[in-house]
Amino acid sequence: MANVVVVGSQWGDEGKGKIVDWLSERADVIVRYQGGHNAGHTLVIDGVSYKLSLLPSGLVRGKLSVIGNGVVVDPHHFVAETEKLRAQGIDINPDVLRIAENAPLILSIHRDLDAMREGSNSGLKIGTTKRGIGPAYEDKVGRRAIRVIDLAEPETLQPKVERLLAHHNLLRRGMGLEEIAVETILTELTSVADQILPYIDQVWRVLDERRKAGDRILFEGAQGALLDNDHGTYPFVTSSNTVAGQAAAGSGLGPTAIGYVLGITKAYTTRVGEGPFPTELNDEIGEFLGTKGHEFGVVTGRKRRCGWFDAVIVRQTVRTSGITGIALTKLDVLDGLDEIKICVAYELDGKRIDYLPSSMGAQARVKPIYETLPGWSETTAGARSWNDLPAQAVKYVRHIEELIGAPVAMLSTSPEREDTILVTDPFHD
């Protein structure tokens, strides 16, 4: 049976939470493989809302949930999020939750640095959540990170913290911040160690054993492929790789173990924060999409920018992530529009192109080339079969398939998990 990677095919906020929850009921193991607690989503089960930003979605269904080595872990947020779920009646214990022992930790110094940089970025606002994600990844790449396993070896922790602070205190002096004492970070770590250590494991071994046993594994991506540090709209990206290939590197399970890549794709386009957005609408249509689609960030509460569906960027993501099929979400938000536009190509300096260029300047200059389709007055909300959809809505979906070069495997027509049209089961071989 196939294992499934879920990846956002746009700039995040595509509705992955509902789809992951829908799939997690069919999965045996759910794995987070990148990011941190900077991208949140809400699950609604039996009328109860669960807000998650670090923990895998499978926890609310009692499935084995794994935080992979590709995730940066804020230990204090981990404790807070687990306590919040327990208060809602979710049983969390080492039988259902594992953390990769080689995952890097987010510390208070990372949050300080993140906030300071974002506040003084010389006009270039990346739009980070100021939760320390980027600086934590920097320390990982710089080979000075404190990792989860270090909490189990307190006798070796002090020299590692000293080495880390030799770097950070140099930065803090340059930014006019007070230096941090080694004892401060040691206390920060040791105060939470006992609440973290029961969950640590060599998760690559756990996943390999579960794969060999025939378990279905769901890899839960955060954010979107266009925020990928390599393939996204750099520098307006996140600090990790968000494309589907990261599922292997960020979990320790080899790429041949990954079968189906499901790209979660919104029926229009949104983006939070700064960066290029060729199809952005700063008019009443953009306001309509934002209001009807409730486009506000789960973690930050920031209003999302809205625009028409951009087939160029999704087609590009289909290739860079090897997307097998897409889950098209929020189709119901388009109900009632007289006409709907799809960006099919760009114009750059007088030339037509079918890709998003890599350079920041070129990305800012591209202009969308649209095709206009008739809208529909009937509702798609709550549809659970193709026969429930208006004819023009079906034509819209089919045209998207043609333009991006990937079929629709699932179609979501409301926030309710049951309002889903299944075309192809991603877990089916």
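All positions are counted from 1 along the displayed chain.
Here the Cβ of each residue, glycine as well, is placed from N, Cα and C on the backbone.
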Residue from Thr129, Thr317, Thr320 that Swiss-Prot also lists as binding IMP with Asp13, Glu14, Gly15, Lys16, Asn38, Ala39, Gly40, His41, Arg143, Gln223, Thr238, Arg302: Thr129
Nearest of the recorded positions (Gly12, Asp13, Gly40, Gly301, Lys303) to Gln223 (IMP binding site), judged by Cα-Cα distance: Gly12
In three-state DSSP terms, the structure that Gly301 (substrate binding site) belongs to: coil
Which recorded positions sit within 10 Å of Gly40 (Mg(2+) binding site) - Cα, from Asp13, Thr129, Lys303: Asp13
Residue pair Gly15 (GTP binding site), His41 (active site, proton donor) - Cα distance, angstrom, rounded: 8
Leu331 (GTP binding site): secondary structure state under DSSP, collapsed to three categories: helix
Whole-number Å value for how far Asp13 (active site, proton acceptor) lies from Arg304 (substrate binding site) (Cα to Cα): 9
Residue pair Thr413 (GTP binding site), Asp13 (active site, proton acceptor) - Cα distance, angstrom, rounded: 16
